[in-house]
Amino acid sequence: MWLFLGIAGLLTAVLSGLPSPAPSGQHKNGTIPNMTLDLEERLGIRLVNGSSRCSGSVKVLLESWEPVCAAHWNRAATEAVCKALNCGDSGKVTYLMPPTSELPPGATSGNTSSAGNTTWARAPTERCRGANWQFCKVQDQECSSDRRLVWVTCAENQAVRLVDGSSRCAGRVEMLEHGEWGTVCDDTWDLQDAHVVCKQLKCGWAVKALAGLHFTPGQGPIHRDQVNCSGTEAYLWDCPGRPGDQYCGHKEDAGVVCSEHQSWRLTGGIDSCEGQVEVYFRGVWSTVCDSEWYPSEAKVLCRSLGCGSAVARPRGLPHSLDGRMYYSCKGQEPALSTCSWRFNNSNLCSQSRAARVVCSGSQRHLNLSTSEVPSRVPVTIESSVPVSVKDKDSQGLTLLILCIVLGILLLVSTIFIVILLLRAKGQYALPASVNHQQLSTANQAGINNYHPVPITIAKEAPMLFIQPRVPADSDSSSDSDYEHYDFSSQPPVALTTFYNSQRHRVTEEEAQQNRFQMPPLEEGLEELHVSHIPAADPRPCVADVPSRGSQYHVRNNSDSSTSSEEGYCNDPSSKPPPWNSQAFYSEKSPLTEQPPNLELAGSPAVFSGPSADDSSSTSSGEWYQNFQPPPQHPPAEQFECPGPPGPQTDSIDDDEEDYDDIGAA
């Protein structure tokens, strides 16, 4: 992650660059080009044809710009001009008289016979009484005695040049300031800046604006950084920028290739020292006409390419490129660009072919003789500038590759983080296991639960399971439809009649009043809604409580149901049956050895035990007991069946507490 952040920061720094250049109105002398022109027009004087605005031939503005005659020029006038143009003081002023070839048209050196017939430039003053321009007076006077022009170079002279290229129109940009040559930093360097340099050097327009290390690194100070030209400036120092001696080094020296620069290459051969001659000029590649392609021209080309001397000039092919160049050399020139040349001259190249040459540095001739092997092996197939030059497209390609690599790293990091998160989620987020089989209870095994039981038990309420003990074979008594239980470790099926008794449990107060009616069971609701009283049935009422011993509580209702949800009713006669005083004989229940005490309406009733023929079981294995009620005459409406029955209570022991044995094992 830290590596990714570091690469992102580096890419941001490369793309953003250094701070923005200086404001557009800032330059060395505190004026912009328009202000400089206004100053020259206001003063009526300027320096032209020099390397900068502080060097050149002096011209004054009368009706038009006229050159100044040197007949009445003195040192005070030179100092006044330099100060007026903000080019320094007189301490660094020199007088440079141009040669006669630079005189205006019609002027001839040493020809005095035509002096009276020629009107020369007006002198700006006969004599300046001080170093300020306002003390100088312009006189309209002919230059009869001295026909030379005034050439002034002020102390603050500035110049520009291109070095280490194959011609004066290509190379590393250098500026002259304060009498010392220095370089220009390539920060924010573009074609607009390069165009100003090419125009200033009269090299056409800029073809390429090059960053550092395309040419040999320079030496000395760095005069400019973050140059921001608009392309209309006359001089490079008129462009806004900053001093370059703080954040820039010589590995970032700016370079320029102008349209008038010429570079050459040999194509179609076995190496770079053999093939068809092509020239790069004004931004395009052109062929060279062989109409005047002689040994002198071939010799200059092979020498400038570092391929030794010319050994052959094979006949070339027809021209395959649009442009055509014509050269005429003497053989001593350093490059073809210094020879006489013409570009796209149809008369000179009308019946020509593309020129070809074989130099001594070619591999074809290295095995034949070593005397003609060049002193250095060529690296490029043309001049050093176009071949070794890389423009800003390569820089953009580098940034694109860096962005792609950064994107791949980001994608890999994202996938890795997602995998880690998924692994962490699978480790700590385990599914919760829920056991619906175990029921939590606060009671210990074998202890009765006396908490109040709600009247209505929700259907979702857990079932209370009773695990009976395995009865002996001799103690079990059942009808022919008895089905033996499989007393395994699995919990037994809950008794339906037991839950019915718990749901319809009555309070102790109602039991004492002996006036309560048991609400109808859910299992026999369809029978309880009968409006008439059924006929008397001699059969005894059937209870759903199994025999548990000699003493137990009886539920005195004639309405019950089996576990198979089949309702039945033992309807007594109009009179209660006679009570059998004979106590029930003791008989162990076939389900448990210890008989439970069932609480019915809070009133205990003790019986000796049921008879053997009164006990039976259903097909589902649930026991129920048929017993005869005690000899008590309850109200007749209490024994209506299938209506809600009335309870019967027998008080055996007043000190005995009401309890309900659930039959804990």
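Cβ atoms are placed via backbone N, Cα and C, with glycine included.
Annotation in Swiss-Prot places CYS154 in a disulphide bond whose other cysteine, of CYS69, CYS82, CYS229, CYS239, is CYS82. Between CYS136 and the candidates CYS128, CYS169, Swiss-Prot records the disulphide bond with CYS128. Among CYS229, CYS248, the cysteine that Swiss-Prot records as disulfide-bonded to CYS239 is CYS229. Listed disulfide-bonded residues near CYS169 (disulfide bond): CYS198 (candidates CYS198, CYS229, CYS248; Cα-Cα distance within 10 Å). The CA atom of CYS359 (disulfide bond) is located 17 Å away from the CA atom of CYS329 (disulfide bond).
Across the domain 'SRCR 2' (160-259), DSSP classifies residues as 16 helix, 33 strand, 51 coil.
Its Cβ taken as reference, CYS203 (disulfide bond) is surrounded by 21 other Cβ atoms within 10 Å in the chains shown.
According to DSSP, CYS302 (disulfide bond) sits within a helical segment. When Cα-Cα distances from CYS349 (disulfide bond) are compared across the disulfide-bonded residues CYS82, CYS203, CYS229, the shortest belongs to CYS203. The number of other CB atoms found within 10 A of the CB of CYS136 (disulfide bond), across every protein chain shown, is 23.
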